[in-house]
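Written out below as structure tokens is the structure these notes cover.
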Amino acid sequence: MADSVERLRQRVEELEQELARERTRRSGGDGHCGRTRIQEMSDEVLDSNPYSRLMALKRMGIVSDYKKIRTYAVAIVGVGGVGSVTAEMLTRCGIGKLLLFDYDKVELANMNRLFFQPYQAGLSKVHAAEHTLRNINPDVLFEVHNYNITTVEHFEHFMNRISNGGLEEGQPVDLVLSCVDNFEARMAINTACNELGQTWMESGVSENAVSGHIQLMIPGESACFACAPPLVVASNIDEKTLKREGVCAASLPTTMGVVAGILVQNVLKFLLKFGTVSFYLGYNAMQDFFPTMFMKPNPQCDDKNCRKQQEEYKKRAAALPTQEAEPQEEAEVVHEDNEWGIELVSEVSEEELKNSSGPVPTLPEGITVAYTVPKKTEDSASEVTVEDSGESLEDLMARMKNM
């Protein structure tokens, strides 16, 4: 019985792929890529070189070697509003391999977000995304899985693929990206990555569609998703009970694009080692506010593998050689006497300096004055008086005219 169900499932996937090709053909695409595969990236500035603008990052001193992007494999869980745009950006950047995980189908309700097109409605998101992404960049390797990672059987397969599905079979992926829209899937990814010691990044958009965030999680070094869980997770509330019929979360393509953009930017900085990698970066569209922070791991985390990773990280940190602080040389005091015979002369004479200060009062020991009051000088100009000549104003004006 199980074998027949599996065969039927495979047949359904084959028919879905065939349907995708037929719909693409009818929509005007021939289903084939517009160019052949490029074996090696080139920095040659040509209209026909899709990597010239990317390779310019090396010439401008941003990245030491952009070609390394083709040596990395990234797994994306959730190919929706954020995940599909993230996959597209990484594909255009020339990533080596993408592994896509999602069990949902494309719907017309998804059209307010980015990437998918109306003719793809009814197809699985991973297969529709793979077909489009291959046309964008045939140099990227793709591996798609159309299932729910939170089920027991599929969770084991998910762990197997992120630990063995790297660019070379048997090697782990370099990074896992969470672009899901529920806490159950986030906790599943968190559990898998803590057990495997796999670095991953989490992303999310709020239900009102005007805020979002990304978070980098390195097991043992930074907080995992269970170290400071949301209230829904901490209270063990079933998310499905919170949903109401006829009510859905809001969604803006702008917010999805911003969150996907900062996520991929953080991925590139992490993989290619340039700039500052953010451990947490938020986005509030109402105030254009981008908060950032670092979250330390919780020693009492509910995930035992997280606590285990913390202990291993402490051991690795303790084994590193300690760097002694280098003694700082004190700057030599520069005296007024010098070999060139240059002498500093004050613009104020000794007599003027003496007259500008007053007598120092007698004070108890330990008390000094900040300044003294100079003696009052008698202004001789104030004593000059002019005698009254007795002439009227008219006489004085007449005299001035005759001058």
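Quick reminder: no glycine exception, Cβ is built from N, Cα and C everywhere.
Residues or ranges marked as active site, glycyl thioester intermediate in Swiss-Prot: Cys248.
In sequence order, Val79, Gly80, Ser84, Asp102, Asp104, Lys105, Val106, Phe116 constitute the residues six or more apart from Lys125 (ATP binding site) in its chain with CB-CB distances below 8 Å. The ATP binding site annotation in Swiss-Prot covers Gly81, Asp102, Lys125, Asn148, Asn182.
Annotated Zn(2+) binding site per Swiss-Prot: Cys224, Cys227, Cys301, Cys306, in sequence order, evidence recorded as similarity to another entry. Taking a C-beta cut-off of under 8 angstroms and a sequence separation of 6 or more, Cys224 (Zn(2+) binding site) has the following same-chain neighbours: Asn190, Cys193, Asn194, Met217, Pro297, Cys301, Asp303, Cys306.
When secondary structure is read from DSSP and collapsed to three states, Ser357 (phosphoserine) falls in the coil class. Summarising the annotation, Swiss-Prot assigns phosphoserine to Ser357 (among others) and lists similarity to another entry as the type of evidence.
Residues near Ser392 (phosphoserine) in space but far in sequence (CB under 8 A, at least 6 apart, same chain): none are found. In the three-state DSSP scheme, Ser392 (phosphoserine) is classed as coil. As annotated by Swiss-Prot, phosphoserine applies to Ser392 (among others), with the evidence given as a large-scale study or a structure entry.
Marked as region 'Linker' by Swiss-Prot: 346-376.
The annotation motif 'UFM1-interacting sequence (UIS)' is assigned in Swiss-Prot to 333-345 on the grounds of similarity to another entry.
According to Swiss-Prot, the feature motif 'UFC1-binding sequence (UFC)' maps to 388-403, an assignment based on similarity to another entry.
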Site with most surrounding Cβ atoms, counting all protein chains shown within 10 Å, from the recorded positions Asn148, Asn182, Ser357: Asn148
Between Asn148 (ATP binding site) and Ser357 (phosphoserine): CA-CA distance (Å): 87
Mean predicted confidence [pLDDT] for the motif 'UFM1-interacting sequence (UIS)' (333-345): 67
Gly81 (ATP binding site) to Cys227 (Zn(2+) binding site) - Cα separation in whole Å: 27
